[in-house]
Amino acid sequence: QVLSLVIPTRLQRATQKVLHRLFHTRSHLFTVLHVALEVAVYAEYTWEVFPYCWELEFHLLLLLLPYLLLAGNIGCFVLCSRADPGTITKSNHASLMKMYAYDGALFQKGIQCPTCNVEKPARSKHCRFCNVCVHRFDHHCVWVNNCIGAFNARYFFFYLFTLTVTAATIAIITAAFLIQVVLLTNMMHGSYIDDQGQEQAVEIRFLIQHLFLTFPRIVFMLGFVILLTLLLGAYCCFNLYLALTNQTSNEWHKSRRPGCSHHPTLQPCDRQVVYKNIYSKGVWMNLKEIFKPPTVLEKEKK
């Protein structure tokens, strides 16, 4: 009985430690998974899709485009994962305190970070993964194993954009190859014998099943990159919206909490208030702040 109690307890503690290391500290697990998925997709594209498309006389530049996008994506990935997101230290704390005004709703003056023992500048947040406070904190990205902040937000946007375009390009080329196969074999005008021995015209479901049995890895990869394109495309549009409105993911999430208000004391208790973003300065200036983050010296000159 004692062993039956001790073993589950030790197993539970070990599981909790593993989960804590995965989801509460910086880990290379998701980065390795990201690289493995990308290698698998490009291996299938290089091994099967590229040779088939070359035989069907696809334009060479179109077939090489995914590799060019891969080079750009790797560059953005390295910059995003290696660049300093805007870590707040004792040496730059006083300067970063002058960067943004407190809005009185999401960011209150005088709040101290209990871990770093410094007053939090406006638009900053303590990252539980990296265990540091980050200037203009957006989120912690497990795929690049780094925080996204003021100084690497542009790299993250380019990384996300190139990854989305890469997935879409591979999906388009692969879909074009399968469509070309269907057209060349005149499969849509054919027929097949069903389980009851009846002759049936080829329909979409039968066509998909036939292509999956003929090119299983290619069809599976196509489904994966289509799903990836949709998810990444939606997330890319969301990040573009945040950039145009000068918001971070952290601020967007916090502003939608119940009771969030720019002047909470002036709002009636029975009215639902809407957060007012004081950091938006117009589309052009908002984009400029993302792709060319201001420094304290520039701000003092202005």
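Think of each number as a place in line: the chain as shown, counted from 1.
In case you wondered, yes, glycine gets a Cβ from its N, Cα and C as well.
Automatic prediction, not curation, is the source of TrEMBL annotations.
The domain 'Palmitoyltransferase DHHC' annotation in TrEMBL covers 112-255. Note on the domain 'Palmitoyltransferase DHHC' (112-255): mean pLDDT across this stretch is 89.
Residues of the same chain lying 6 or more positions beyond the ends of the transmembrane segment (29-47) and with a Cβ under 8 Å from any Cβ of it are 22, 66, 70, 81, 142-145, 170, 173-174, 217-218, 221, 224-225. Annotation comment: TrEMBL describes 29-47 (among others) as transmembrane segment.
The transmembrane segment annotation in TrEMBL covers 59-80 (among others).
Annotation comment: TrEMBL describes 156-183 (among others) as transmembrane segment. Residues 41, 45, 49, 52-53, 56, 58, 62-63, 65-66, 69-70, 72-73, 76-77, 79-80, 138, 141, 144, 148, 207, 211, 215, 218-219, 221-222, 225-226, 228-229, 232-233, 235-236, 239-240, 243, 290-291 of the same chain, all 6+ positions outside the transmembrane segment (156-183), place their C-beta atoms under 8 angstroms from a C-beta of that stretch.
The transmembrane segment feature in TrEMBL is assigned to 218-244 (among others). Beyond the ends of the transmembrane segment (218-244), by six or more residues, the same chain brings 41, 44-45, 48-49, 138, 153, 156-157, 160-161, 163-164, 167-168, 170-171, 174-175, 177-178, 208, 211-212, 252, 283, 286-287, 290 to within a C-beta distance below 8 angstroms of the stretch.
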